[in-house]
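Undergrad: Structure below; questions to follow.
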Amino acid sequence: MLNKYARAFFTRVLTPFAAFLLRRGVSPDAVTLLGTAGVMAGALVFFPRGEFFWGTIVITSFVFSDLVDGNMARQAGISSRWGAFLDSTLDRVADGAIFGGFALWYAGKGDDNVLCAVAIFCLASGQVVSYTKARGESIGLPVAVNGLIERAERLVISLVAAGLAGLHKFGVPGIQVLLPIALWIVAVGSLITLVQRVVTVRRESEEADAAARSSEAAS
Ligand SMILES: CCCCCCCC/C=C\CCCCCCCC(=O)OC[C@H](COP(=O)(O)O[C@@H]1[C@H](O)[C@H](OP(=O)(O)O)[C@@H](O)[C@H](O)[C@H]1O)OC(=O)CCCCCCC/C=C\CCCCCCCC
Ligand SMILES: Nc1ccn([C@@H]2O[C@H](COP(=O)(O)O)[C@@H](O)[C@H]2O)c(=O)n1
Ligand SMILES: [Mg+2]
Ligand SMILES: [Mg+2]
């Protein structure tokens, strides 16, 4: 939903910044790499220590690079297969660091095995959700479904909750409960999305196989 409705808005807002970077000689690949490094640092330095507010601030400063890199490539007319591969692959790395950071907190000082497991489930299911689309497309299917919770939703739900939960350290009472709630929502939403995508791939692959068999029989 966010990919559909919010992308146009962010494209308008970020286009001047992307043009500025291009004028300064920065490449889209450099933005992809630097953005991922920033997200990883924010997630792995701050989240395992329970510093959710500062971790979210650092991650938010870098995560929008994922919208800037493609914007730069399109403006400069240099969109490439390599760029698409690098972008998607490093998305997986960044997501691993974010949910891994939550899991490390709950495995350590956060001391909650159930939430540690939920965070690991969010990490794994998010990766599998993205894989279903990539693998389906690689075998020639359209995978014409996005599903309930795509990457943008996973990030917005968990980061808004983490940022607000982090305000607990500044004296806001009770607010830390938002992070467990968000992780449960992302876990359940990702499971539903996974089922939606698998069902779609199953239907599309049966249709494609049937069409191939009938054209073989006809010839
Ligand atoms: C006192 C307040 C303290 C709290 C501070 C909190 C502040 C802010 C908190 C959060 C901000 C989070 C922003 C997150 C933005 C995410 C942007 C982003 O990276 O989106 C990426 C997404 C997908 O891009 P790609 O096409 O490159 O990726 C593809 C995708 O990954 C596919 O995976 P799949 O979806 O299938 O699982 C892969 O299959 C594919 O390979 C891959 O290429 O981009 C978009 O979707 C575009 C839309 C982005 C919309 C972002 C909306 C942000 C909206 C609001 C944030 C601000 C909220 C502020 C709240 C403040 C609370 C008090
Ligand atoms: N280093 C890069 C990054 C991205 N691209 C191209 O942009 C597409 C992704 O667009 P986003 O708005 O989601 O970032 C990607 O598929 C590539 O075509 C690129 O060329 N180089
Ligand atoms: Mg990108
Ligand atoms: Mg991306």
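Backbone N, Cα and C define each Cβ position, glycine as well.
Below, the features straight out of TrEMBL:
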- D91: active site, proton acceptor (ACT_SITE)
- D29, A30, V31, T32, G70, R74, S80: CDP-1,2-diacyl-sn-glycerol binding site (BINDING)
- D66, D69, D87: Mg(2+) 1 binding site (BINDING)
- D66, D87, D91: Mg(2+) 2 binding site (BINDING)
- 177-195: transmembrane segment (TRANSMEM)
Undergrad: Return the single residue from the binding-site residues list (T32, S80) that has the minimum number of other CB atoms within 10 Å.
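TA: Comparing Cβ neighbour counts within 10 Å for the binding-site residues T32, S80 gives S80.
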Undergrad: As a check: which entries in D29, D66, R74, S80, D91, the recorded positions, place their Cβ less than 6 Å from an atom of ligand 1?
TA: D66, D91
Undergrad: Using Cα-Cα distances with a 10 Å cut-off, which of the recorded positions D66, D69, D91 are near S80 (CDP-1,2-diacyl-sn-glycerol binding site)?
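TA: Among D66, D69, D91, not one has a Cα sitting within 10 Å of that of S80 (CDP-1,2-diacyl-sn-glycerol binding site).
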Undergrad: Of D29, V31, S80, D87, listed as binding-site residues, which ones have a Cβ less than 6 Å away from ligand 2?
TA: D29, S80, D87
Undergrad: May I ask for the distance between A30 (CDP-1,2-diacyl-sn-glycerol binding site) and D69 (Mg(2+) 1 binding site), taken between their Cα atoms and rounded to an integer number of Å?
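TA: Rounded to the nearest whole number, the Cα-Cα distance is 8 Å.
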Undergrad: I'd like the number of other C-beta atoms within 10 A of the C-beta of G70 (CDP-1,2-diacyl-sn-glycerol binding site), please.
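TA: I count 21 other Cβ atoms within 10 Å of it.
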Undergrad: Which one is closest to the residue listed as 'active site, proton acceptor' in space, judged by CA to CA distance, out of the binding-site residues V31, D66, D69, G70, R74?
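TA: Sorting the binding-site residues by distance from the residue listed as 'active site, proton acceptor', the top entry is D66.
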Undergrad: Compute the C-alpha separation of D29 (CDP-1,2-diacyl-sn-glycerol binding site) from D66 (Mg(2+) 1 binding site), stating it in Å without decimals.
TA: 10
Undergrad: Check the Cα distances from D66 (Mg(2+) 1 binding site) to each of the binding-site residues V31, T32, R74 and keep only the ones within 10 Å.
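TA: The binding-site residues passing the 10 Å Cα test are V31, T32.
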